[in-house]
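Asks: Mind looking over this structure? Questions follow.
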Amino acid sequence: MKKVVSMLLVGAMTLSLAACSGGKSSGSSDDKSSSKGGSDKKSYHVIYLTPSTASQFWTYVGIGIENAMKDIEESEGITVDYEVVGPAEESQTEDYVTTFEQCIGKQPDAIVTATLAIDATVPKAQEATNAGIVLNFVNCGIGTGDDGANEDYYNEFYYCSNDTIGEMAAEAFKDAMDAKGVTSGVLGMNTNVENEALNHRIDGFRTKIAEIAPELELTDTYYNGNDVETAQKNAENIISTYGDKLIGMYSGNNITGDGVCNAVADSNVGDKFINVAVDSDDIEIQALKNGVLDAIIVQDAYAQGYKCMENALRTLIDGKNPESKKQVNCPPVVITKDNMDDSDMQDLLDPTRLQK
């Protein structure tokens, strides 16, 4: 088991820590019409500004974006001049902001993007919107949590609430407890970095698990800087510190989950140990098959991308935003060993199956 997990490690490192949170559902479509929109126009220039060209997650988002573009080109008889730009890695936020500025300079009809640098992106979003560009955010916007911040500076935001992710992870953990006959003990808490958006995955989990399993003792949150080796060391430390009292772990993103799965596979925690993580990659999928992982909370990256591009083009074609709310929450799905081979679950785990 250890060998299988380790062999998959390199392939998973490029998967995003993605899934930042969006805003509350508020606002109307009245103030979101595009000055460039019009049913008589037959060609549009749309840019997908990705936070990372190397990330599996953002590639999956891009598949949804391109499929929506192709579907609407066919149904509406239009053509889209489409380009993908962005830095190689998510950590290159300065390059992202610079590229955003360059995108605005190209004066496209629409920009579809996600940001991991909220403060630096806000003025660029304002500039783009003031220039009449339809600006849509997907997954990571210029708001944190479910606050709806800065909603005047974009057209639409499709996201997956980190509060929802945390709550569903807690419910999946409790389901695994019940299935294994576990009633009490210590639960190890792990995640990648501490920031205002991703903290909702931890806070949402803590709040929900306290409600449905108040007998559990939760550790402080162990942060790993989005590094698999550090995540594994943290998990090993938790295992050695709490011993038989430890009944399971929660990982707030896939990189953390990779490290925790490595630690669990190397240890003798027993078959009643409960392991739940967020987001998916090859390591976690294999760990799910092998029983090292009980559940993963998976976002529909494809659907978020599809809806985001569909909305941008409809706004351009119709001259107004078809959505009545500025933010649309796209809930995640719990995938377990029991349902992972279902066709729709396979599409979530590998959206390349849907590519046109």
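Backbone N, Cα and C define each Cβ position, glycine as well.
Relevant sequence annotations retrieved from TrEMBL are reproduced here:
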COMPBIAS  29-41  compositional bias 'Basic and acidic residues'
DOMAIN    48-317  domain 'Periplasmic binding protein'
REGION    20-41  region 'Disordered'
REGION    337-356  region 'Disordered'
SIGNAL    1-18  signal peptide
Asks: State the residues, same chain only, that lie 6 or more residues beyond the ends of the region 'Disordered' (337-356) and have a CB under 8 A from a CB inside it; answer 'none' if no residue qualifies.
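Replies: Apart from its flanks, the region 'Disordered' (337-356) reaches 60, 63-64, 66-67, 70, 280, 285, 288-289, 291, 294, 298, 300-302.
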Asks: Just to confirm my parser: what is the rounded mean pLDDT across the domain 'Periplasmic binding protein' (48-317)?
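Replies: Reported value for the domain 'Periplasmic binding protein' (48-317) is a mean pLDDT of 95.
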Asks: Run through the region 'Disordered' (337-356) and tell me, per DSSP, how many residues are helix, strand and coil.
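Replies: Summed by class, the stretch gives 11 helix, 0 strand, 9 coil.
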